[in-house]
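Undergrad: What follows is a structure written as structure tokens; I'll ask about it next.
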Ligand SMILES: NC(=O)N[C@@H](CC(=O)O)C(=O)O
Ligand SMILES: [Zn+2]
Ligand SMILES: [Zn+2]
């Protein structure tokens with residue numbers, strides 16, 4: 001017995017919208033009918049998607065699931081369910097767990113747990129350096145063999161240029177990407193927010209834009225020298241956008257991602273010293289926000305990721321200086337971007353959906369992100385008309401650290417199907 005999803009509409013990157021009936025069985029899309037009368041659905045479960053968007057399940061290439069080691073913040077079970085609520089069916093998890101994902105055993109542990117306890121598909125990254133200490137490369141070949149999809153020390157920047165170059169050479173020889181958290185530690189020194197209005201007003205030390213952009217500049221040159229696929233994490237500054245644009249113009253194999261919060265918030269929106277507004281990279285100035293939006297719009301930045309970074313309430317209660325960096329991402333991403341960019345007419349729906357589905361699949365050569373006969377049945381149904389307020393009590397993630405509580409947003413995922421199973425409705 002399969003599932004028929006009737007009368008919904010799909011959208012492509014050019015914003016072409018088509019009414020469709022879609023049948024899935026055994027985890028695969030087995031039939032797609034364009035328009036017209038509903039087919040005979042006898043013997044199947046029926047989901048009425050009339051008036052709703054039927055999208056390939058969203059893909060999030062940058063998330064933190066916290067297991068193993070930080071299960072008080074999130075687990076693979078709670079994190080993947082939070083992803084499902086947000087409409088994500090494939091998520092790529094960062095290795096800054098405890099232990100970090102730098103051995104074959106830890107990769108296996110993640111994959112096993114995801115298989116048995118996860119609501120959606122989990123793709124692990126492995127560390128670039130052992131323990132993310134920047135001193136010694138991990139065993140890239142063994143990690144690849146175990147199932148990682150790329151290498152990153154997310155959470156910290158790789159400080160040594162030579163170490164990064166060695167990593168790129170090795171990754172290139174294996175046909176694997178390097179995913180970089182760009183941050184020069186010598187320029188940061190314990191600052192909690194960006195250099196800008198907010199830091200000045202509160203007398204706080206600021207994180208300068210160069211701390212990110214210096215690594216981007218260094219790394220695109222190293223990527224050119226080594227030929228690796230180099231992917232920049234959570235781009236937040238005008239300078240980084242400029243450097244990536246220049247690198248792409250010169251044929252360097254660089255791709256990049258941006259987070260919803262860096263597209264909709266600047267440091268001037270931070271209301272007070274509440275650490276739910278603290279993340280790395282920090283909210284930047286309005287000028288940077290404008291630059292990352294333009295970067296996404298012109299293709300300099302390829303994809304949208306959430307950087308879902310759960311932290312417990314007591315950790316965030318330590319205040320702006322002492323609390324850890326990071327905010328939740330999964331459950332607010334689509335409604336936030338739909339409300340702020342599509343409803344306002346700045347982006348088409350097709351553009352937004354593409355940057356969350358087909359584009360990430362293309363950038364990382366993944367087989368998901370499309371609704372075609374024979375494709376895995378990863379499908380997200382979105383009620384574009386529904387408006388809801390973000391309430392702390394409704395957050396599925398184990399943590400509640402988001403600055404968006406109380407925001408009224410439109411465009412909520414209502415059914416998420418992963419590998420043919422309804423994982424959220
Ligand atoms: N983004 C964050 O603010 N925090 C991330 C680390 C990271 O993505 O660099 C985390 O692990 O909490
Ligand atoms: Zn990072
Ligand atoms: Zn991250």
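Each Cβ is built from the backbone N, Cα and C atoms, and glycine gets one as well.
Any TrEMBL annotation is an automated prediction that lacks curation.
Look at TrEMBL and you will find 51-239 tagged as domain 'Dihydroorotase catalytic'. According to TrEMBL, the feature Zn(2+) 1 binding site maps to 62, 64, 154, 307. Per TrEMBL, substrate binding site is recorded for 64, 65, 66, 96, 280, 311, 325, 326. Among the features that TrEMBL reports, Zn(2+) 2 binding site is placed at 154, 181, 234. According to TrEMBL, the active site annotation covers 307.
Surface or core, plus neighbours and distances: that's what I need for these features.
TA: In the three-state DSSP scheme, residue 62 (Zn(2+) 1 binding site) is classed as strand.
Counting only same-chain residues at least 6 apart in sequence, those with a Cβ under 8 Å from the Cβ of residue 280 (substrate binding site) are 183, 234, 325, 326.
In the three-state DSSP reading, residue 307 (Zn(2+) 1 binding site) counts as coil. Residue 307 (Zn(2+) 1 binding site) counts 28 other C-beta atoms within 10 Å of its own C-beta, drawing on all protein chains shown.
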Undergrad: Cα within 10 Å of residue 96 (substrate binding site): which of the binding-site residues 62, 181, 307 qualify?
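TA: Matched binding-site residues: none.
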Undergrad: Within the domain 'Dihydroorotase catalytic' (51-239), what mean pLDDT does the predicted structure show?
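TA: The average pLDDT of the model in the domain 'Dihydroorotase catalytic' (51-239) works out to 98.
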Undergrad: So around the Zn(2+) 2 site, 154, 181, 234 aside, which residues have their CB within 8 A of the centroid of those CB atoms?
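TA: My list of surrounding residues reads 62, 94, 152, 155, 179, 180, 182, 183, 233, 280, 307.
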Undergrad: Taking residue 154 (Zn(2+) 1 binding site) as the reference, which of 65, 66, 311 (the binding-site residues) have a CA within 10 A of its CA?
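TA: For residue 154 (Zn(2+) 1 binding site), the binding-site residues whose Cα atoms are within 10 Å come to none.
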